[in-house]
């Protein structure tokens, strides 16, 4: 019975790892395509709009994050003792935190940009921010850098505490599995705390966009008869983008919370593989949501698909 259970776990883990590899490749293609299209447009026009800058920076940060995951998983599987040394735990935890933090905050800046550009409020504070979208985005990124510095500082303090606790028992440069797991849980806890800030900010923009759409719809019912106007359509498109971001981001956060609360399951390879698949869905699939929403990216993707479809005829 134990042999059958182990065999089932092994098969499940292998299937999940294959799915993970496919997810990483899909994410690299989507984010690489986004960055390439905007960079080519920048070279052609000699300028880049704010939203394109955010999209390019977001895609670039996710490419780095996905490559880090793609390279890191095989190394951790083939050389498990290497990744549990003091230096490697600090290096990989810090690098993952930086890559993920930057990726999440650029996506949050995109939500803030959509809100300020599309929402319609008459109060003076909103109009003041609306006229200074670039400054608002710059300040948001500056705040994210301060939080990143605090996150890394707290992260290294927790890792050092974990290392010192282990050294009191057995002086060695290698973590045994229990203390390696304990260190990972502390890293996750710290990361979840700092991720709550962009979650609250994105959720606030989402709720304010809904309120703006509701007030606009109410005004239209009083003065205009007919279907949607351009502003209403823009509201719906912005809401779709923010909903997709919040949905994928919520799944990502729930995965981290699950790993934090049920940390005993992190000893099970299938559970680790499952969490990695869920974590990777956010940076991989969100890029395709942005491609479908952006007219330039959508047209470029259709051109590439058309070229790929016609290519076999040219080869013949």
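Including glycine, each Cβ sits where the backbone N, Cα and C put it.
Summarising the annotation, Swiss-Prot assigns N-linked glycosylation site to 170 and lists sequence analysis as the type of evidence. If you look up Swiss-Prot, you'll see 1-14, 84-94, 157-191, 263-270 marked as topological domain 'Extracellular', on the strength of sequence analysis. Annotation comment: Swiss-Prot describes 36-62, 116-135, 213-241, 292-316 as topological domain 'Cytoplasmic'. What Swiss-Prot records for 15-35, 63-83, 95-115, 136-156, 192-212, 242-262, 271-291 is transmembrane segment.
Residue counts for the topological domain 'Cytoplasmic' (36-62) under DSSP (helix as H, G, I; strand as E, B; rest coil) come to 23 helix, 0 strand, 4 coil. 136-156 is the stretch from 15-35, 136-156, 192-212, 271-291 with the greatest number of Cβ pairs below 8 Å to the transmembrane segment (95-115). Against the transmembrane segment (15-35), the recorded stretches 136-156, 192-212, 271-291 differ in Cβ pairs under 8 Å, and the greatest number is found for 271-291.
Per-residue pLDDT, averaged across the topological domain 'Cytoplasmic' (213-241), gives 66. Beyond its flanks by at least six residues, the topological domain 'Cytoplasmic' (36-62) meets 27, 99, 102-103, 106-107, 109-110, 113, 133-134, 137, 283, 287, 290, 294, 296-297, 300 of its own chain at Cβ-Cβ distances under 8 Å.
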